[in-house]
Structure formats: C-alpha cells, structure tokens
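Asker: Just lifted these from TrEMBL, have a look:
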{"type": "BINDING", "residues": "7, 9, 145, 157, 159", "note": "Mg(2+) binding site"}
{"type": "BINDING", "residues": "11, 55, 57, 65, 125, 157, 193", "note": "substrate binding site"}
{"type": "DOMAIN", "residues": "5-201", "note": "domain 'CYTH'"}
C-alpha cells in the first residue's frame, strides 16, 4: 500500500464549554467551515465491513482511510490516509479484488468497481490546533475538530498525525492527556457522524456493520 500519514484519533461528545476550555489551554481557532461529505461503498458495504472508508469531501477531493497495521486498545482509532487518487484506486482494487483499470481517477472507477453513494451530509466545523505544553518547536500540533452535522448530531475529535508506527504510542498519550483536560472521561466513546447517519437513515446497512464490529465504532 502506498505510504500515507497515520491518523490517530479519539472521538468525544463536546459540551457547551469545550471551545472556551480549548482557549484556556492555549488552543488556536484555525477556521470555521461548512462542507459536504459523500461516502461510497458497494451495496454489500464491502469496504466498510473490511474497515476501509472512501469519502469525497466537497472542495478537498477523495480520501480513503485504511486500517492501521496494529490494533489500538481503548477508545481510539488509527488509520492510514490515502489522498493521491492513483494510490486510492490501487488500494480499492486490492480490497475489492478487482483488476486495476486503465488510467483514470477515482470517479472513473466507481462504476466498474460497483461503488455507489451510501451517505451524504453537511457538517459545520470549528477546527482548532493546540501544541501540547512542553513540546518542542518541530512537534506537530494536536488538532481538535468540533462538528455538527445537518441531521443534528454533534461530535468532537482529537487527532494526531504521525509518519511512523513507532510514534503512535506517544501520540496516544498526548491525545489522552488533552482529552482528560477537556473533561472527557477515560473510556468515553462517541460514534462517528457516518455511523449515526446510517443508524438513522439506513438502518439495514447499520445492522450489517454491527454484525462485523459489534460495539466498536468507526469513522
């Protein structure tokens, strides 16, 4: 698989004072944005059931989240992110056991691979960044996204991006520390927007995922 950044993240339920607490901790509000995400899969959810998540974000292009190489314990998830379209197409063909088609982007292979839109919704996001106290100048800041989807669901996410598998434990420690300072309980989990969307609007698809993951939530 083409190399991408490893995304380590933890979702939580934001409260009315979360933004104020981020400011107190030295966080910087980078932007407030509104965007539409559309997710694609086969009718049998072959990608999601294998823990692959194909998304087109309005204005940003395609992204494929692939499962991390090792399991992560606790209320965290870890994914490789692919955004270069040739790498996304190659990985999709590998997962779906299909021949790699000729030159073309992701949109060109949706039909041949049997992929269709399974969810689409608009999110309002406030995006924050925060450098952990005591961190060196070259260290990547933690990112905190506070999202509200157009179907009324709100969720927060603390995220660290690392390049090497060896960096994951330290990233988890920083995420846990910041989550604690934001008042998130140690084992608190919050379902992702996509999961809640499927639960509300495509209950049969939601049940298909439950059969695979039981109570473990995904992106």
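Glycine residues also receive a Cβ, built from the backbone N, Cα and C atoms like all the rest.
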Asker: Write down the Cα-Cα distance for residue 11 (substrate binding site) and residue 157 (Mg(2+) binding site), rounded and given in Å.
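Answerer: One finds 4 Å between the Cα atoms of these residues.
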Asker: 9, 159: which of these binding-site residues has the highest Cβ count within 10 Å of its own Cβ?
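Answerer: That would be 9, with the highest Cβ count within 10 Å.
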Asker: Roughly how many angstrom lie between the C-alpha atoms of residue 11 (substrate binding site) and residue 145 (Mg(2+) binding site)?
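Answerer: That separation, Cα to Cα, works out to 9 Å.
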Asker: State the count of C-beta atoms found within 10 angstroms of the C-beta of residue 125 (substrate binding site), not counting that atom itself.
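Answerer: A 10 Å sphere around the Cβ of residue 125 (substrate binding site) contains 16 other Cβ atoms.
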Asker: Could you tell me the C-alpha distance between residue 9 (Mg(2+) binding site) and residue 65 (substrate binding site) in angstrom, no decimals?
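Answerer: Cα-Cα distance, residue 9 (Mg(2+) binding site) to residue 65 (substrate binding site): 12 Å.
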Asker: On average, what pLDDT score does this prediction assign to the domain 'CYTH' (5-201)?
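Answerer: Average per-residue pLDDT within the domain 'CYTH' (5-201): 90.
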Asker: Could you tell me the C-alpha distance between residue 193 (substrate binding site) and residue 159 (Mg(2+) binding site) in angstrom, no decimals?
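Answerer: One finds 16 Å between the Cα atoms of these residues.
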Asker: What whole-number Å value do you get for the CA-CA distance of residue 55 (substrate binding site) and residue 159 (Mg(2+) binding site)?
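Answerer: Rounded to a whole number, the Cα-Cα distance is 18 Å.
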Asker: Any idea which of the binding-site residues 11, 55, 57, 65, 193 has the thinnest Cβ neighbourhood at 10 Å?
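Answerer: Taking 11, 55, 57, 65, 193 as the binding-site residues, the minimal 10 Å Cβ count falls on 57.
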Asker: Other than 7, 9, 145, 157, 159, which residues of the chain come within 8 Å of the Mg(2+) site, judged by Cβ distance to the Cβ centroid of those residues?
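Answerer: So the additional residues around the site are 8, 10, 11, 143, 158, 160.
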Asker: Between residue 57 (substrate binding site) and residue 145 (Mg(2+) binding site), how far is it from one CA atom to the other, in Å?
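Answerer: Residue 57 (substrate binding site) to residue 145 (Mg(2+) binding site), Cα-Cα distance: 15 Å.
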Asker: If I restrict to non-local contacts, at least six residues apart, and a C-beta distance under 8 angstroms, what lies near residue 7 (Mg(2+) binding site) in its own chain?
Answerer: 65, 78, 79, 80, 81, 159, 160, 161
